[in-house]
Amino acid sequence: MKNLKTEVIKKTKPKAKTKALPKSSPKFDVLETCSCCDRGNGVHYGKVFFGLVLVLFGLFYLGRNLGFWPAFNFNLQAIWPVLLIVIGLWLVNRRARISILVGVFSALVFMMILAFIVSFAQISTEYADEAVMPILPHIERVKATSTPAQTEDLKLNNFVINQVISSPVALEGSARGTWFFEGSFPVKLLDESGQELGRGIAQSQGNWMTEDFVPFKVTMMFTRPTSSTGSLVLEKDNPSGLLENDKKVSFPVKF
């Protein structure tokens, strides 16, 4: 009898259906910035902000010194509150780059407003002064020092050698009576090349028919010279025209 080989058929369990995993969106690592980086950026922006403000102030004062701006005198006590407000706004918005521009613009606007206020106050003061008294022409009166301009025949009381003068200039002094004719003698102002800039007549303030010193006064207008130096010439009046009677004294001046 044949040995029948029995095949054992193993029942296999049906494979379980694999569930489809839900598609997940790709994950990206988010870099979190630390507060130290924000502080570093804030310090950097702060340096830029204060640097720009200082540059603006420097340019404004440079323009004022060169004559591009009027000679305004700022009151620091009035500036500080606005600067504190600008700095406070910058600290609140220090992470925004535009805060730098806002701060600079605010400082510039403040300076313009302050300049307008100062200018308006000066104009109002001038109008008030004009209403009280009429405007008188400015006359430069030079203070005497230890080295007055003088010779044996003439001396100036309010003028010194190499004195800086501007137009009009008022001079006072005394000269011997022989320098006068009909109570006066001519005075001229020359530039460095000898060109006449202005002329005046010195008038005696007392009896000129004497050989003693007689006080005199003269106010002289002159054109603006191109040179920085010149000379003040006082001439003895010589109605006769004789050369032996000609006499003059010259003092160096600066413009």
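Every residue, even glycine, has its Cβ placed from backbone N, Cα and C.
Unlike curated entries, TrEMBL annotations are predicted automatically.
Annotation comment: TrEMBL describes 45-62, 74-92, 99-121 as transmembrane segment. Marked as domain 'LiaI-LiaF-like transmembrane region' by TrEMBL: 48-92. Residues or ranges marked as domain 'Bacterial spore germination immunoglobulin-like' in TrEMBL: 162-240.
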Mind checking how the domain 'Bacterial spore germination immunoglobulin-like' (162-240) divides into helix, strand and coil residues in DSSP? 3 helix, 43 strand, 33 coil
Let me know the model's mean pLDDT on the domain 'Bacterial spore germination immunoglobulin-like' (162-240). 91
